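Working notes, beginning with the structure itself.
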Amino acid sequence: MSGSSGTPYLGSKISLISKAQIRYEGILYTIDTDNSTVALAKVRSFGTEDRPTDRPAPPREEIYEYIIFRGSDIKDITVCEPPKAQHTLPQDPAIVQSSLGSASASPFQPHVPYSPFRGMPPYGQLAASSLLSQQYAASLGLGAGFPSTPVGKSPMVEQAVQTSSVDNLNAKKLLPSKVTSATQLNGRQAQPSSKPASDVVQPAPVHTQGQVNDENRRPPRRRSGNRRTRNRSRGQNRPTNVKENTIKFEGDFDFESANAQFNREELDKEFKKKLNFKDDKADKGEEKDPAVMAQSEETAAEEDLLGPNCYYDKSKSFFDNISSELKTSSRRTTWAEERKLNTETFGVSGRFLRGRSSRGGFRGGRGNGTTRRNPTSHRAGTGRV
């Protein structure tokens, strides 16, 4: 590296030529001896500038916030300007941050170190080693120095450098939203401002204790309401095109053959003939045929088997013979009897019936918001059973 040995290189304006014969100018920010990289801030590419190369590159107007150069791909480094003298406060641990007036040419100097993505800190506050810059980047979660994602689109630049433009930096949103310093990107002085930057992500709103408590109480009610909605709508969202198992019939139903098996009229006629024949024989006192007697005995035996306690006989009727109120009592029960039966069955109900004492009990006055008690309504609506 050319330049006098006593020149403080950090903060100096550096002219760097890569092996691709492309010249860059920027401010030296850090030299990483472990990774063999050099980082420049506020970098501009001047192209190949008539240097002999197979792939010439034109100059570019963009100013990059930073570019990290690989040491093995650097051809020459020249110090163009030494760092400007910085008139800063002494390193006092009692100072949290400071700001000069608008008449001063020195920008706002925060005491807390940060990365040079949004304006570099004064180089008088930096040490000459790369360890300090690594600590800055580590505090922002940026690894050893800077992000390693190459952004430069030129094939010449991609071989030797890793770049990031201002637009790409704005897209990444790496900085806090509140900018309370007067740091500027183009060298012009700006007033201290506490307004949020337009290209930075806005912070989450700070909730007070009352708001946090309200937010902690409200979601369970929403979830319970949604649960009730789901319970009410259960079964309504079922698909309507579900096909049930249907029975397929090959032909029409034969009613004649089915009725022949269950011909109720013929069975009733035969049964009546047997009863009438037996009654006639008994009335006339005629001698009974032994075959008829045997048949009548079988019928009587069948009736005895059924017995008087046979409450249901499907051959005789669909209905049973269990006693009911229609058979036992011919008259309707009165309201008092039904109430007595309910009391014996379910017990005594509550003494005060709901809603009786509220009939005419209170009447609101018009306009004054007062209430008036009706003296007769309380006696009329005692609610006694």
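Every residue, even glycine, has its Cβ placed from backbone N, Cα and C.
Among the ranges 36-56, 267-287, 330-350, the stretch that Swiss-Prot annotates as motif 'TFG box' is 330-350. Of the residues ARG23, ARG70, ARG351, Swiss-Prot records the annotation omega-N-methylarginine for ARG351.
As stated in Swiss-Prot, the feature motif 'FFD box' covers range 310-326 out of the listed 89-105, 310-326.
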